[in-house]
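**Q** Pulled these from TrEMBL:
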DOMAIN    A:10-40  domain '4Fe-4S ferredoxin-type'
BINDING   A:C19, A:C22, A:C25, A:C162  [4Fe-4S] cluster 1 binding site
DOMAIN    A:75-106  domain '4Fe-4S ferredoxin-type'
BINDING   A:C84, A:C87, A:C92, A:C126  [4Fe-4S] cluster 3 binding site
DOMAIN    A:107-136  domain '4Fe-4S ferredoxin-type'
TRANSMEM  A:237-257  transmembrane segment
Amino acid sequence: MDIDLTQPKMGFFTDVTLCIGCKACEVACKQWNQLPSDGYALSGNSYDNTNRLSSTTWRHVAFVEQMDRETPAASRWMMMSDVCKHCTNAGCFEACPTGAIVRNEFDDVYVQPDICNGCGYCVPSCPFGVVAVQPKAGVAQKCTLCYDRQKDGLEPACAKSCPTDSITFGPVDELRAKAQARVEALRERGTEVRLYGVDGEETKDVGPLNAFFLIPDRPEVFNLPPKPVLPSRFQPAAYTAGLAAALAMALVGAAVFRPSRERA
Amino acid sequence: METTAGSGQPHGVAFGASGNFSPDAVAASLARGDGGFGRAQETYYDHPILRKAHWRWEIVGYFFVGGASAGSAALASFASQSDDPGDRRLVRNARYTALIGSALSGALLVKDLGRPERFLNMLRIVKLKSPMSVGVYALSSFSTVAGIEAVRQARADGVVPVDPFGWIPPALIAPVKAISTALMASYTGVLISATAIPVWYRGRRHIPAIFVLSGVAAGAALQNVLLALTGPPTATSRKLEIVETVAALAEAALLLHYERAAGEAGNALFAGPRGSKLKTWTLGVGTALPLLLSLPSLVRPGAHNKPHRVRTLLTAACALAGGYVLREAMVYAGRDSADDPRAYLRHPE
Ligand code: SF4
Ligand code: SF4
């Protein structure tokens, strides 16, 4: 197989200020990826009834209501289409013991369903709470960044269906330049916004995200962790503690059961 | 309290001057009774940011059985160095236990995965970066060594006529056994510590050691049960009680230190009904009670303080129950910690 070394990293830029909450992305994703229904429960939280990303919801539109009675003009309603971040240092990828999770030629993080064994270790290892084991299939599932469509030169279904271009798809470098220009344009108009997943505090552990966001508020307002942790960072301390205890107990055991002639 | 909302000075022109996000504004909003308008949005409708693993009793059971098997295997090694003929029964029991325990461990893992062949998916690669992968090889080599040793024991006991593994030099087995047993006892602690779950990663300096100590204590308790059931009390019982007491005391000390070090992030484990259960069972029934029961024979190993069968059984049962509750609390605390967005927002590392 030929490997195209010129293939750039591909990703998403999701601009919260452009989202109108139509959920076309959620629907297009479900349809293209043939994801099962989540039922018809109403959450009572604005228009958000899927609540969060899951094994069957790979795009999720959050509805953030900020109402201000005293200064009604200061009220605002923000929508944000969340998705797997396709991290540079992906916790899920590092944790997977089967090698089911790979980084594909588009630099996106992909779960191979035929290799995943459903152990579920990737789930608590994702610092964004994205990947989940789908109970019926018994394997972990999440956004594939439409690997199949990308292979055919198509853009992912969500980006294709987004009527306002709140979701754009393309080479990550180009998207970043575009996002930076957008931040400056908004700032000129007096709207304070920031990028999440390019070079902020949030990228310290997990690195730049191939799916990054433009947000007009603090990350946690959109359920994005301000400081996502990369779990493998904790391994040295953990192995040291475990092996030190094992060594200590070996010494105790050896002393208690030492041959009696040494004892005299 | 270091909350993200506490420092949440509204920024950006769209926020107005009323300070939507300060705790005072929330209090004011509640006083106005405007049903949540103007409430502080520290998180998104309190939905979890992290996702919990699906792990349930199979994994709790695996952590417990795996730990006790590793503890038993280690005891078999220590006791085989001794020249006290009374310890031979321990060696034999412990070798068979290690094999049965590792088979049971495998069965519990397979039960969790759903289909046996799914276990094999983990054997297609070796990945040192993944504690789960390291653990699979620890379990596999631990089981292999346990099998070889059990067969050797069976040969010595005259149960099987030949030792098919006779050609493998002990010098080769010993290091594999030492490493796989140490990993088997500790890797499950590393596995949960090295995740994004606050209550677990906060305990990364404690949990793996606690698991090792709890495994050794459980192994010693289990061997004491077997000794008491298979023959008259011997001095071996007392040796096991010493090992168990040392391990249990160290475990209790680490657990208490972990509680202090974890602070609020440890609430999922140490607060509420789960915390009470953990303290009652692991510290009370599992550590303090056995200590009290075995104290007489530990301090004055005289004639009338000989190991007593009923007392031994009781002590060991308490220690085993405490060990199981520890593993259970640890696994389920991770679920609650994942569901609490504030734990993750307030305690980043
Ligand atoms: S967001 Fe989570 S699931 Fe997506 S690549 Fe990063 S670690 Fe993996
Ligand atoms: S559930 Fe599947 S993808 Fe996730 S870590 Fe296990 S084998 Fe890998």
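Quick reminder: no glycine exception, Cβ is built from N, Cα and C everywhere.
Predicted automatically and left uncurated, TrEMBL annotations should be read as such.
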**Q** Which sequence-distant residues neighbour the domain '4Fe-4S ferredoxin-type' (A:10-40)? Criterion: at least 6 residues beyond either end, Cβ under 8 Å.
**A** 47, 49-50, 54, 56-61, 63, 78-83, 86, 106-108, 136, 143-146, 149-150, 156-172, 175-176, 178-179, 182, 186, 191, 193, 209-216, 222
**Q** Identify which of the following binding-site residues, namely A:C19, A:C22, A:C25, A:C87, A:C126, A:C162, place a Cβ less than 6 Å away from any atom of ligand 1, and list them by sequence position.
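**A** List returned for ligand 1: A:C87, A:C126.
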**Q** What residues in the same chain, six or more past the boundaries of the domain '4Fe-4S ferredoxin-type' (A:75-106), come closer than 8 Å to it by Cβ-Cβ distance?
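**A** Beyond its ends, the domain '4Fe-4S ferredoxin-type' (A:75-106) has Cβ neighbours at 3-4, 7, 9-12, 14, 16, 19-21, 25-26, 46, 52-53, 58-68, 112-113, 115-117, 119, 121-123, 125-128, 130-131, 139-140, 142-143, 145, 147, 150, 158, 162, 166-167, 197, 203, 205-213, 215-217, 221-224, 230-232.
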**Q** Against chain B, with Cβ pairs under 8 Å, which of the binding-site residues A:C25, A:C87, A:C126 show up? Give them in sequence order, please.
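**A** Listed in sequence order, the binding-site residues near chain B are A:C126.
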**Q** Based on Cα distances to A:C162 ([4Fe-4S] cluster 1 binding site), point out the closest of the binding-site residues A:C84, A:C87, A:C92, A:C126.
**A** A:C84
**Q** Taking the mean position of the Cβ atoms of A:C84, A:C87, A:C92, A:C126 as the [4Fe-4S] cluster 3 site, which residues outside that list, in the same chain, have a Cβ no more than 8 Å away, listed in sequence order?
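**A** Checked against the 8 Å cutoff, the neighbours are A:K85, A:H86, A:A90, A:G91, A:F93, A:V109, A:C122, A:P127, A:F128, A:V130, A:V131, A:K142.
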**Q** Between A:C25 ([4Fe-4S] cluster 1 binding site) and A:C84 ([4Fe-4S] cluster 3 binding site), what C-alpha distance do you get in Å?
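**A** Approximately 14 Å lies between the Cα of A:C25 ([4Fe-4S] cluster 1 binding site) and that of A:C84 ([4Fe-4S] cluster 3 binding site).
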**Q** Using Cβ-Cβ distances, find the residues under 8 Å from A:C19 ([4Fe-4S] cluster 1 binding site) that belong to the same chain and are at least 6 apart in sequence, listing them in sequence order.
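**A** Listed in sequence order, they are A:V61, A:M78, A:M79, A:M80, A:S81, A:T164, A:S166.
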**Q** Specify the count of other C-beta atoms within 10 Å of the C-beta of A:C25 ([4Fe-4S] cluster 1 binding site).
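**A** By my count, 28.
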**Q** Minimum Cβ neighbour count within 10 Å among the binding-site residues A:C22, A:C92, A:C126: which residue?
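**A** Counting other Cβ atoms within 10 Å of each of the binding-site residues A:C22, A:C92, A:C126 gives the minimum at A:C22.
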**Q** Which secondary structure state does DSSP assign to A:C25 ([4Fe-4S] cluster 1 binding site), in the simple three-class scheme?
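**A** In the DSSP reduction, A:C25 ([4Fe-4S] cluster 1 binding site) maps to helix.
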**Q** Compare the Cα of A:C22 ([4Fe-4S] cluster 1 binding site) against each of the binding-site residues A:C84, A:C87, A:C92, A:C126 and report the nearest.
**A** A:C84
**Q** Using the Cβ center of A:C19, A:C22, A:C25, A:C162 as the [4Fe-4S] cluster 1 site position, which other residues in that chain lie within 8 Å, going by their Cβ?
**A** A:I20, A:G21, A:K23, A:A24, A:V61, A:M79, A:S81, A:C158, A:S161, A:P163, A:T164, A:S166, A:I167
**Q** As a quick check of your reading of DSSP, tell me how many residues in the domain '4Fe-4S ferredoxin-type' (A:107-136) are helical, how many are strand and how many are coil.
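**A** Going by DSSP assignments, the domain '4Fe-4S ferredoxin-type' (A:107-136) contains 4 helix, 6 strand, 20 coil.
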